[in-house]
Amino acid sequence: MSKHRKGRASMDLTPKEIAALLQASRITEEEIQHWHSDFLHQNPSGELDKKTFIDYYKKLHPQHELSTSFDQIFDTIDVNRDGLIDFNEFLVVVVLMDRLNDLGSRLSFVFDMWDQSGDEQIDQKELANVISAIYDRAGVIDRKGERDPKRRAKDIIAKLDLSGDKKLSKDEFITGCKTDPVIRNLLAPNF
């Protein structure tokens with residue numbers, strides 16, 4: 001059984017927490033829910049210690065140079081000083097980082113969240129999982145024909161895959177979402 005987040009019985013976000021995150025950011029509720037789900041998938045305890053935080057943050061922002069150390073960032077957001085941060089505390093970092101202000105940076109963040117294998121590419125299986133999750137959140141029940149997540153993933157990869165390796169690199173994903181509003185609306189709504 002996983003630990004309780006900050007002494008709470010549930011790791012679900014409360015309506016009050018969602019409202020506070022929405023007010024403090026330009027991130028939509030759907031994005032918050034997606035990132036929360038991914039956070040819990042990557043960190044089943046619902047918490048990160050300092051080392052895990054640094055590793056996770058570097059995965060999300062490999063090129064991001066910081067003027068302050070990761071230790072200082074962690075210590076700043078660990079407001080109760082228990083040596084752990086939860087999703088809300090982690091999202092504070094995400095919200096405060098200016099790099100999420102432009103479309104390319106936000107799409108880069110989405111790509112990193114969806115790259116479940118960590119190989120810096122999204123394959124058809126990963127993309128089908130994302131599409132299924134999007135359908136789940138949107139309440140889409142009909143998943144046959146053109147709406148089949150596997151078929152949609154295959155079609156999107158065929159359209160955006162410039163290298164021919166049947167996977168999407170980050171550049172292919174970002175360029176494709178920027179240039180194709182239909183794909184962007186499916187994969188990155190509200191961007």
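Backbone N, Cα and C define each Cβ position, glycine as well.
According to TrEMBL, the features are:
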{"type": "DOMAIN", "residues": "65-100", "note": "domain 'EF-hand'"}
{"type": "DOMAIN", "residues": "102-137", "note": "domain 'EF-hand'"}
{"type": "DOMAIN", "residues": "148-183", "note": "domain 'EF-hand'"}
Exercise. Which residue counts does DSSP give the domain 'EF-hand' (148-183) for helix, strand and coil?
Worked result: 25 helix, 2 strand, 9 coil
Seminar exercise, completed: Model confidence over the domain 'EF-hand' (148-183), as mean pLDDT, sits at 92
